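Engineer: Under the heading ATP binding site, TrEMBL lists A:ALA27, A:GLY28, A:PRO29, A:GLY30, A:SER31, A:GLY32, A:LYS33, A:THR34. Annotation comment: TrEMBL describes A:663-674 as compositional bias 'Acidic residues'. The domain 'UvrD-like helicase ATP-binding' annotation in TrEMBL covers A:6-282. Summarising the annotation, TrEMBL assigns domain 'UvrD-like helicase C-terminal' to A:283-559. Under the heading region 'Disordered', TrEMBL lists A:646-679.
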Amino acid sequence: MDAILNGLTESQKQAVTHIDGPLLILAGPGSGKTRVVTHRIAYMISQGVSPSQIAAVTFTNKAADEMRTRLGQLAPGQPVWMGTFHRFCAQLLRRYASLAGLSENYSIYDTADSKQAMKRAIAAANVSTSHTSPEQITSIISSAKNRLVTPEMMLSASSRTGDAVAAKVYPVYQQQLLTANAVDFDDLLFHVAIMLRNNPELREDLDSRFRYILVDEYQDTNLAQYAIVRGLSINNANLAVTGDPDQSIYGWRGADLNNILDFEKDYPAVTTVRLEQNYRSTPNILRVADQLIRHNQKRKKKDLYTHNPEGDPVVLRMYEDGYQEADGIADAISNAIRTEGMRPRDFAILCRMNALTRSLEHSMRSRGLPYQIINGVEFYQRKEIKDLLAYLHLINNPSHDVAFQRVVNVPTRGIGAKTVERLRRYADVNRIPMLQAARDVYKIEGIAKRSATFVTRFVELYDRLSKKASATLEDLLRYLVEETKYEAFLEKSSVDQQDSSAIGNVDEFISAAVEFDRQHPEDGTLEAFLEQVALVSDTDAFEESDDRVTLMTLHAAKGLEFPCIYIVGVEQGLLPHSRSMDTDAGFEEERRLLFVGITRAMQRLQLSVCKRRTVRGDTRPAVPSPFLNELPLDELKKVESNVDRDWFDEDPDAHGGYPDSWDLPDEDGGDPLADDSGPTVHESAATAYDEVCQLPEAEIAERVESKKRKSAQVAGLKTAADMLNGGVTPVTAYREGTQVRHTEYGDGTVVSITGRGPKRTATVRFDDGEHNFRLAFAKLEVIDG
DNA sequence: ATTGGGACGTTTTTT
DNA sequence: ACGTCCCAAT
C-alpha cells in the first residue's frame, strides 16, 4: 500500500485513489500519467477489485506492454486485461463472431489486403472510377466505418459524387469481406460497436464483465471507439480516461477531439484530475512547447510547469539541404557520444514523413552509428514473407480470397491470370470463396482442361497443407516451404538480381515462428499467430534496450521520451504538411504534432530547417515553417549550418537573400513541396490539369517557370536554374542527341525523352553513367542542340 | 504462361 | 525515386 501511494503528488494521489465512477485525467506531456494509471490499478486491486473485471485499453501494444511491466512490479501476477483497442475488439469478435456474420476463425486483412479486396469490390460494383481513385473510395469507406455509418445509411445519404461512388462500392466490399470470412482494421471496431448496439443483453453482460475500464490517449478515439467504451460503461460507469487534447494527432483517422472535450458532459458525475507538472523536460523546452501550443484556438487552456533545472537553450538550426542536415546531425550525435559520454539510445530524430529517414539513415551508416528505424520497410511486408503468410492465412481460413489469389500461382504452377479471373467470376456469382470455386473447377466454363488440372493439383497441395494446421508453427512452416519448393522458387527468380536476402528472410520468418511456439506452449495456435502479426505494428518493435539512435515519425514518437531530440524538416509544406494545412483543424493538428515532438525531449532539443529540400527526386527551395514564428525566438539559439554563427539577425544578402524575419510567406506563396508535378497542376481549381496538358510545351515550361520564380521570390531565394543561366530553357529545346552540361555530372548527351508537360523527362548519359531529369526543373544547360 | 521493360501514379501520419 | 500495372515478346 505504501509502495502504491508513496511519492505521489496530491493530484496524482487523487487520481490513484479514485475507484468508482467516471474519472477524467487530463495529463500534460511528461506528467507521470503511466505511473498514475498503473498505480491506480494496483490500488484498486489492493482495495478488493477483482483484476478480471478490469480492462485497460491503449492505442499501441508498446503502451500496453509498458503498463503491464509496471503493474507487474507493483502487483505481480494479476490478470488485468491490457491491450490495444483493436486487439480488444478482435478478441470479443472471436467470441461473438456469429453476431457479425463471421466464423470465429475470421481473418484480419491488413492494409494491403484491404486494398486488393477493395479493387475487386470496385470492379464487381461496376462503377465508373474515372473521377474517384480506389484510394479515395477506400478512405471514404474507412471514415464511414469510423463514424459507424453502415452501407445502408450511406446509400441513403450520399450527396457528393465521390460519396455516391463509394456508397455503391461499400455494400459490395462488405459482402465480399463476409464471404471471405474477413474483416479490415476498421471493421474490428465497427462490428463490435454495432454488435453492442444491436444486442442489449450482450452489452449488459460485457458491461458488468468489464466493470472497470481504463482508456489511454482518449483524445485519439473516434466515434466507433467512443461507442464501444460508452456501451461498456452504462450500468457500471467506472470509466477512467486519460488524455491530453493538445496531443491529439489522429484526426485523419477519425479521432474526434470532442470525445475528450465533452467527456464532462457525457458523464456529469465525473471527477476531473489535472496533471500539469512536468517531470520530463527542462523549463527551456517546456516554454517553447507552451508558446507554440497557445496558438491553437480549439483547446482547453492548460498550464505546464516543471521544477527541473534550467538546461541548454533550444537550438534552431539551418542547413543547406537535407543531406547536410543528415550529416550535421549525425556528426553532432557522434561528437556527443565521443566527448560527453552520451549513448546512442539517448537520441531520437523525428520527422514528418517516413521518406525523410532515408538520408538520415545513410549518414548514420556512413559514420557507423547504430540506429533503428521505426516504421521503415516492414518485415512482414516483404514479398517472401507475405507469400508464406498468405499460405498460413489460407490454411487458417479457407475463405481468405486475398490470400488465395496471392498464392495460387506462387511458386508458378501454370495457373495464369485468365484462369484466376474465371475462378473469381464464378466465386462472385455464387458468393462462395475462391478456394471453393477451385474445387468446382471442372464446372466452370472457359477453363481449359489443362489449366483445370493445375488448379486441382493446387487444391490437393492445399489439402495436404491443411492437415498440418494444428502442428507447431515451426513444423507447419517447414513443411510448407518444403512442399511448395518455395526456396527453389526464390533462388530461380533472384538469379539476376543478387537478392539473396529473400532466403534469409524466410529463415528469419521461421525463427519468428519458433520463437512464437516457445512463448506460447499452450495457446500457440495458428490463429493466434496470425492475429498477432496483423495487430502488431512496427512502432511496437521499438526496443528501448537496444543502444541505438532512433529514427521515426512524429506520430510514432508519441508516448516516448529521449534525452536529446532532433526534429528535422520544420518547413512549410512538410510541417505543416501541404495535405493538412488547408483547414483550420488540419493546421492545428499539425501544430499539435510539433508540440508532441518538442515535448519528447528531456534535455536537449534541436529543430532544423533546410534551404533546399529534395522530395521524390527533385530539389526545391524550402520555406521555414510558420510555426517557427510562434516560438519564443529570442530564447532560442539560432545557428546556420555547422558554422556557429548566428544567421538570424544578419544582413539577408550575406547568405543568398534568405528572409531576415520569420514572416509568413504570402497567401499563395509557398508550398514548394506540394507536388512533384509542379505548381501548374495545382493551379486554382478551374485551370486544372487537362487544360495544361493541351498547351504547347514551351508555354507549359514558361508557366512552370513563372510560377516557380514567384514562389522563389517569396522564399527570397533564386531557383537553381535561375542561378545557373539566368534564364529558362524551354523543355522543347531538348531532343535525343542534345549535348548538355550539368553542374554536378559535367557534360552529357540526351539519350531519350519521355513524358510530356511538366513531367517531360530526359535520360542523359554522362561519363559516369546515366541520369534522369525532369526537364522543367533540371539543372541542365544546352551546349549544342 | 511467363518474363521483362516501360509508363504511370503516388505517400502524410497508422491500428 | 519507387512500386505497380499493363503490354509485348518469348
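Including glycine, each Cβ sits where the backbone N, Cα and C put it.
Heads up, TrEMBL stuff is auto-annotated, nobody curated it.
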Engineer: What are the other residues, in sequence order, whose C-beta lies within 8 angstroms of the center of the C-beta atoms of A:ALA27, A:GLY28, A:PRO29, A:GLY30, A:SER31, A:GLY32, A:LYS33, A:THR34 at the ATP site?
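Structural biologist: Those within range, site residues removed, are A:VAL36, A:ASP244, A:LEU275, A:ASN278, A:TYR279, A:ARG280.
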Engineer: Which entry in the list of binding-site residues, A:PRO29, A:GLY32, has its Cβ near the fewest other Cβ atoms, using 10 Å as the limit?
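Structural biologist: Among the binding-site residues A:PRO29, A:GLY32, the sparsest Cβ neighbourhood within 10 Å belongs to A:GLY32.
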Engineer: Suppose we draw a 10 Å sphere around the Cβ of A:GLY30 (ATP binding site). How many other Cβ atoms does it contain, all chains included?
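Structural biologist: Within a 10 Å radius of the Cβ of A:GLY30 (ATP binding site) lie 23 other Cβ atoms.
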Engineer: For A:GLY28 (ATP binding site), which residues in the same chain are close in space, meaning a Cβ under 8 Å from its Cβ, but six or more apart along the sequence?
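Structural biologist: Long-range Cβ contacts: A:ASP244, A:ASP246, A:LEU275, A:GLU276, A:ASN278, A:LYS302, A:LEU304.
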Engineer: Would you mind listing, in sequence order, the residues at least six apart from A:SER31 (ATP binding site) in the same chain with a Cβ closer than 8 Å to its Cβ?
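Structural biologist: Result: A:LEU275, A:GLU276, A:GLN277, A:ASN278, A:TYR279.
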Engineer: On the 0 to 100 scale, where does the mean pLDDT of the domain 'UvrD-like helicase ATP-binding' (A:6-282) fall?
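Structural biologist: That stretch averages a pLDDT of 90.
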Engineer: Please list, in sequence order, the residues in the chain of A:ALA27 (ATP binding site) that are at least six apart in sequence and whose C-beta is under 8 Å away from its C-beta.
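Structural biologist: In sequence order, A:LYS33, A:VAL36, A:THR242, A:GLY243, A:ASP244, A:ARG274, A:LEU275 meet the Cβ cut-off.
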Engineer: Compile a sequence-ordered list of residues in the same chain as A:THR34 (ATP binding site), six or more apart from it, whose Cβ lies below 8 A from its Cβ; state 'none' when nothing qualifies.
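Structural biologist: Looking at Cβ-Cβ distances below 8 Å from A:THR34 (ATP binding site), excluding near sequence neighbours, one finds A:ALA63, A:GLU66, A:MET67, A:ARG70.
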Engineer: Which secondary structure state does DSSP assign to A:ALA27 (ATP binding site), in the simple three-class scheme?
Structural biologist: strand
